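Inspection log for the structure reproduced underneath, given as structure tokens.
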Amino acid sequence: MADLWWIYSKPVPADGRELWTLFLQCCCITAVIGGLFYNWMFASLEYSWHLSVAMAVSFSLLLLLTLLLVHPARCVFSMIMPTLGTKQGRKLLFSTCIMIAVVNITPNITGNIKTILQVIKCICKNSSDSLLNSTVLLEKVSWEFGDAIQETIDSMHKPMNGHFRFLLLQNSSLIYQKMHLAGEKISREFLSVEVLVKDSIRVANRLAAGFFMLYLCLESAWYLKNYLTNLRFDNFYITKKLERLAVDRRAAHLLVDSSRKLIRPTGLKLSWEEVVLCLVQAMLVTVALMLMLVAVAMDHFAFSMADTAVRKAAQFSAVPVTLNIKYRVSAGVSWILPFVFKVLGRPSEELLLRDFNRTYHHHLIFSSARCRISPATAPSPSVLLALGLLFCILYATVFLETFARRLCREIAASFFQSWEEKRVLYLYRKLSSRHRK
């Protein structure tokens, strides 16, 4: 591995064997990166597969030529890997989390809301249908009531028509048509809003992901530029070359006296500034985690509401309605005749009707098996697992960011060893001057 890294970090291969070794290394790297780039574009950013393949192949060929021919580009590309553990890598992971939420959680929420709307639509349709059927019962009651009057009263007092007339809506298709149109309008508006939100977030996420990836490359190039132009940049480590130089010049005590200000790149010690930076970044990740938990909670709440609505709608029992008609009618003659009968000593004459007592039953139905209701969709455990793993990686990168920057320095030092010697000599002189003062 040391020999392979030595060949990879050299500016120019020494012979044909090193050239072929470097070519094979670059081919393996570009094949892996091309596959990850295709998966990132197709699965995460949701580009079409043919565009993803074309972009991945073009990017792989360009990357192969760049790594093979440009020595600083190999250094920058090598530093991109540990730079993924810094805040720029976290931005890419945040972008991935947002895309997962948009692609999986948002459609699940809208699907459960549609299920609730279907339940409401089904209840309205069946209840209106049952209510229309109740008017038929009223018509039956009115005609039986009229028939009873016609049969009871004698011909002398019989009314011309004892029936009640109801104006019934015999054609219920108009109501169903209006309800259907209203439901379709709500569905179209809901779908248009859903598509608009998804498309907007998808485009914004693509732009953000492309910007973060470009900025990731620029940050690695910026680090290398500062490393090669500024001797003081990120130069406070006790490296092996610094220890060797101090021992050769019999000044090992300089490293002992400066142990509080200098740290070892391979150690676990963190400076106070690095600790504060880690805590701030951890708070930012926690805020993002809380926002994502709100989206997950909304998904579970929508599923709970939709599942409850479907189950309760299926358990709706028919509401019994009882119509009890009880009446007694008496028809008397005018007030003159009773007076005459009383004078003559005859009893008053009344025409009595029989008692009428009938009970009618009807049921109001709120749900029906004929209603097409989509089942509630439960949140996907795989999506929750993926988001949980991504946030675990995010928290890990917060505390590994310092070591990622140290690794970037080691990579730059291995690619430009002569410049690393100048940086070590500058740090040694700085320590010596401070010790003399």
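Backbone N, Cα and C atoms are what each Cβ position is placed from, and that goes for glycine too.
TrEMBL entries are annotated by machine, without manual review.
Annotation source TrEMBL lists domain 'Dendritic cell-specific transmembrane protein-like' at 233-428.
Non-local neighbours of the transmembrane segment (20-41) in the same chain are 4, 7-8, 13, 47, 51-53, 55-57, 59-61, 63-64, 67-68; each lies 6+ residues outside the stretch with a CB under 8 Å from one of its CB atoms. As annotated by TrEMBL, transmembrane segment applies to 20-41 (among others).
Remote same-chain residues near the transmembrane segment (47-71) are listed as 10-12, 22-23, 26-27, 29-31, 33-35, 37-38, 41, 77, 415 (criterion: CB distance under 8 Å, separation of at least six residues from the stretch ends). According to TrEMBL, the feature transmembrane segment maps to 47-71 (among others).
The transmembrane segment annotation in TrEMBL covers 92-109 (among others). Tertiary neighbourhood of the transmembrane segment (92-109): same-chain residues 44-46, 84, 194, 197-198, 201-202, 205, 208-209, 212-213, 216, 288, 292, 295-296, 298-299, 302-303, 377, 379-380, 383, 386-387, 390-391, 393-394, 397, selected by CB-CB distance under 8 Å and a gap of 6+ residues from either end.
The feature transmembrane segment is assigned by TrEMBL to 275-298 (among others).
For 382-400 (among others), the entry in TrEMBL reads transmembrane segment.
Counting only same-chain residues 6+ beyond the ends of the transmembrane segment (275-298), those with a CB under 8 A from a CB of the stretch are 87, 90, 94, 97, 101, 105, 109, 379, 384, 387, 391, 394-395, 398-399, 401-402.
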